[in-house]
Structure formats: C-alpha cells, structure tokens
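Novice: Pulled from TrEMBL, these are the listed features:
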- 45-62: compositional bias 'Basic and acidic residues' (COMPBIAS)
- 239-357: domain 'Fungal-type protein kinase' (DOMAIN)
- 1-62: region 'Disordered' (REGION)
Amino acid sequence: METVVPDSRRSSTCVDSSKKRSGPSSTPHIARMGSTRAANNTGTETKKRIQRRKDEASDTKDHLLCEKVAEVPRLAQPWSRRAKQQSRALTDTIRSELEAHIFECDDGHRRTNSELVQLLASAMRNQNEQDLLKIINQWTRYGTGDSGYSTEPEKVLYPMFSALVVYVMIHLHKHHNEHQSAGILTRSKTKNPASTASASASNIERLLLPPATSDFKPAGFDEDFKIDSALVSHLPGHDIELQANLDCRDILAIVEFKQMASMLDDALKQIILYNRNIYSSQHNCRFVWALTICSTQVRACLLLHDAVLVSETMDIAISDGRKQLIELLVNWSMCDQSQLGYDPTIQYNADIEKWIIDSFDDATDSVNHAK
C-alpha cells in the first residue's frame, strides 16, 4: 500500500497566481528616510542570524560524537562479490592510468583560478584527459611554494577537485558503454538471457558529477551561506558535464574546502550546519555523506543523527591518497542506494510533487519496496 505525503517544501511556497504582480508597478514611489533605517535593520538581523547559525554549528560539533574511523570509506563498498571485484579492478586501472601520466603533465606553471576554470571547461568540452591531469597535478603541489605554507587561495581547489572527479567518471562512463555495447552484440548472437545479462552488467549504478559553479546556493537551501561544491548523481549513461541550476534534492554529498590542512574543525562545523538542508529536502534520507578538502587532505564524513564519523586523511599529494579517493568515488558509483543514505521505501514523484511511502497493507504482511 502506498501513502502519499505532500512535499512540504514545495507546498509551503505555493503562491496564488491571481495575486502575482505581472510586472513593475507604474505607480510613482516617494523615498522615505525610514526605508534606509529598515534596510540597515535587516542587514543587522541577517548578521545576527548568521552568527547564531555559526555558534549553533560550533556547539553541535562540540557535543556530537565526532570520531575518526579508518573504515568509513569501506561503508560504500558494493555488497555483491562481482561488483566488489569490478570496483577493485576499475580503481586499479584508473589509478594506474593517472599515475602513469600525471607527472608528464607537470609544466611547472601554477595557474590562477580563472586559468584553471578555463582549462577545466575546455577539457570538459573535448573530453581531454591530459588537460584534466594538468589540473590534478597542480593539486598535488598545492601549498608547496618557497614560503613553506600555502599562499594559494582556497578557490583554486574547486576546479582541482572537479577535475579529479571528472577524470574518474570519464573512465566509468567508458566502462559502462563498453558493457552496454557488449550486451547488444551478445543479444544479436545468442538467445541465452543469462549470457546477455552477464555481458551487459557494468555494475555502474550512477555517475557523480560536480557543479558548473562553486560557492553557490542550491534551490531549497535555507541558509544565509553558500556551499563550496557538491556531488550530484546521474544515470550511468548521462553525458559527462558540469551541473547547473542545482536543487538541494539533487545533492548526494556536500563538499567543503579550506585553504589550510589545520582547518578541519572549521570544515566540519560548516558541513554540520549545511546537512540540515539535505534532510529537509530529501525526506528519504537516513544519513548524509560529505567531503572535507583542506589543502591536499581529503576526508570522507558520514553524518548521522547523533554522530559524525570522519575518515583518515586521503592525501592527494601522495599516490596512496589519490588511490583512496579514486576508490571512494568508484564505490559511490557502484554501491546500493541504501549505502548512500536513502530509504528504499520512500520515493519522490516529481510528476505530482509528492513523496510516496510504501507501507504495510492489511491484506499482506510484507512491504512493497518502491522501485
């Protein structure tokens, strides 16, 4: 039996179309001194609200159980033996390709943020892995200037992370397409459904893609802040492209960047602050994944209702760290939906803008899971 629940976020913003203003009013307005005072008061209230949010996030972090757990990334490993084997093989292949060519692309040039963004856009248009490797290579050298500490701005990390994600997804996309083609070829030669299924099973469940812009506010994000970046899930046959016009409902994982490796606590406070928006927009969400990226140090975070589990450091500056992040991205692309935090008994129906909840029927003693 299905229970239909209205989408509270959507319904709360409904407006009577008959009361909408069709355009700017032609009625002249007289400026009043009070309007300036009101604007100042609004600005003051906003600042106070932002500070309250920051204080609340800091207090929440201090009282939550925040533990460093080495096994956090393994929670995303696929369950089936076949998928697990494929995940390891794909991770090794992608890692080998990256390590074989990443330092060939080192031209010694430290590109500015605008140069990195332009290079990333060009690489996306042409599916140019060499340009992606140039960007990833610069990430491995982040904060290694003559001064001994990072003088590079935080925002240059955004395209660096996006380049690595896109590099991994290009390989997964190719793997999926090859298996799809093999399945078509098998169907033309045999009528054995088992062999057809085996040939076409890429085990890639989704592609994870970063946003087209960084430091943005998704639709439905009820905060006075902006998020640095995110990962969005798409079907495995989706084109490899940066994502625009994101909604909070689309976000699989929040990504928070910091310039210095010592700023992990600040990054954790921010993802704790932001994750409430995921719960409010995704009513089928049991827990939330996030990434903190402090300089070259990446950590996977699992945000539960009463605790935050933080992985050990995956350092992009060293080969093992790069492999660990590649493995996590591959596993996220292959694991079950429930491992990403989604309740399989709750589904959103975009056509009617309502949540559908599978529940027990009096006539049966089983639950029909939404598909």
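For all residues, glycine too, the Cβ spot is worked out from N, Cα and C.
Model, not experiment: these values are computed from the prediction.
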Novice: How does the domain 'Fungal-type protein kinase' (239-357) divide up by DSSP, counting helix, then strand, then coil residues?
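Specialist: Split by secondary structure, the domain 'Fungal-type protein kinase' (239-357) comes out as 44 helix, 40 strand, 35 coil.
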Novice: Restricting attention to the domain 'Fungal-type protein kinase' (239-357), give the mean pLDDT.
Specialist: 93
